[in-house]
Amino acid sequence: MRTNPIFSNALLFGAWFSVGLLILIAVFMVLRSWPFFDREGLGALWLDSNWFPTEGSFNLLPMVAGSLMVTLGAVLLAGPTGVILAIFGRYYAPARLASVYRALMELLSGIPSVVYGFWGLLVLVPWISSFAPPGASISAGIIVLAIMVLPLVVLTVDTSFEQTPKKWLVAADALALQRWSKVWRIVLPASLPSILSGITLQTGRALGETMAVLMVCGNIVQVPGSIFDPARTLTANIALEMSYASGLHVNALFVSGLLLFILTVVIVKFGGLIQEGTRRQGA
Amino acid sequence: MNRLLPFFTLLISIISLTGCGQSTSEKLVLTGSSTVAPLVSEIALRYESQHPGIRIDVQTGGSSRGVNDTRSGLADIGMVSRSLKTSEEDLSANIIAWDGITLILHQDNPVTALTRQQVIDIFTGKVQNWREVGGKNEAIVVVNKAEGRSTLELFLKHFGLKNSDVDADIIIGDNQQGLKTVAGNPLAIGYVSIGAAAYEFEHGAPINLLAINGVEATLANVEKGVFPIARPLNLIIKDSDSKLATDFIAFAQSSKVNDLILNQYFIPANAN
């Protein structure tokens, strides 16, 4: 096949550039984390009593737990809700409402996260505080994050519905299938792999979210006992302390970043495995 | 790819050459406290615009970095958001502004004053209910600052606490987040920079500023030097320093930058 050599070379350059960038980021994080491992050892990350970096105590485990709880909670809440909303938007809503609905979702997905965080801080946290003080908690973080990723889940799910082969739907109509059986038996199974991979991508986004979570989660370093306890995520830890840290504290914060990097890679890989698994089952 | 190589080489050389134009200009490097850095960056911008050909580079990294860099000569001027210690007398401090820290409560909270011991008991978790210090029968939500902030250091020092002693319910980053958190939560108690709190209070935020040791938390009291939790914001130099450095410090201490200092809710050192 003949291709334009300049165009394909530019593409090749772009591809290698992004791979190179990723490798550089990883190398940089390891280099900046290294003095910490050298001085404190790997064990300090879970053996130290708590996170008091200026007092020489560097336990990061509570923040890994905080990040995972908030992220998984948000995805468990937004995933199924998003699928239901997408089904409504594409197969049940009247045509005019459906187009307004899609535009609204696109608008919502463009709102900066700080705005959601601000709403959470001024409305959600005081409301939760009225029945479960202090209010700033895992649950507040889960709700804010779920609302943030919901429009994106709806949009990706909607896109994967669109890719259902037209002739299947025509055949379903010819067989006089009801709307619900068409969705449940044909559309959902056909688009399951891309729904799952879409949700996985949103998991990565939720894991990396910083400002909104920082504003509503309370940022106490502890393994939360209930969803009404405050907790700190890895991202919030970096944002709160990086510009104020010096010495080993900085290196410890780079370790937070490194852990976040590893978690993201693991989740994306895991998402890929799920997608492959369902695709194989479907075939 | 080979055909593109000359193009990229050319592009990269152009980019790297543009940086070399102004090698004759004078350069001033400041490092240190992140409380002082935003203010000094603003001052530096104004200084640069009045002195073409001078470039000022402001970097953060904490007060101790400011001290170390000034000693080693890495920085011309260090920024330090506390008084110099006795071990640092080889350097000379120049106060450019004052900052104070005050406790804040929600306006619905009937408590109007707390003793030193009550504050300590609340922040260490010995007192968990507002009823015990004269308020309603409700839980106390303690708002603490994130590790490494100089506001936290000063607060802990004033009350003789260690950060690991504090039993906090919410940890916040900057002053604004602290103000919003307390304004949104009638159970909360927190501490922030006085100027920021006074500004929010005047603009209708539902917060109250607590008196400390009976001294009202106002910018005027910081200015008079009677407010107990106050700290100087310093620019430090080694005794044998350049004309440019001393000139910049004189500019930062002059009334020409008072508007910049007040914008950041600090008190200019030349105010009294």
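Yeah, the Cβs are placed from backbone N, Cα and C, and that goes for glycine too.
The domain 'ABC transmembrane type-1' annotation in TrEMBL covers A:64-271.
Residues 254, 257-258, 261 of the same chain lie 6+ residues outside the transmembrane segment (A:12-31) yet bring a C-beta within less than 8 angstroms of a C-beta in it. The feature transmembrane segment is assigned by TrEMBL to A:12-31 (among others).
Cβ atoms under 8 Å from those of the transmembrane segment (A:60-87) belong to residues 45-46, 50-51, 138-139, 141-143, 145-150, 153-154, 157-158, 161, 183, 187-188, 195, 199, 202-203, 206-207, 213, 217, 221-224, 227, 231-235, 237, 252, 255-256, 259-260, 263 of the same chain, restricted to positions at least 6 beyond its ends. According to TrEMBL, the feature transmembrane segment maps to A:60-87 (among others).
For A:107-129 (among others), the entry in TrEMBL reads transmembrane segment.
Marked as transmembrane segment by TrEMBL: A:135-157 (among others). Proximity of distant same-chain residues to the transmembrane segment (A:135-157), defined by a Cβ-Cβ separation under 8 Å and at least 6 residues beyond the stretch ends, is recorded for 66, 69-71, 73-75, 77-79, 81-83, 85-86, 89, 102, 105-106, 108-109, 113, 116-117, 119-120, 124-129, 191, 194-195, 198-199, 201-202, 205-206, 209, 212-213, 216-219, 224, 226-231, 233.
Residues annotated as transmembrane segment in TrEMBL: A:248-270 (among others).
Within the same chain, residues 135-137, 139-140, 143-144, 147-148, 150-152, 155, 209-216, 228 sit at least 6 positions outside the transmembrane segment (A:107-129) and bring their C-beta atoms closer than 8 Å to a C-beta of that stretch.
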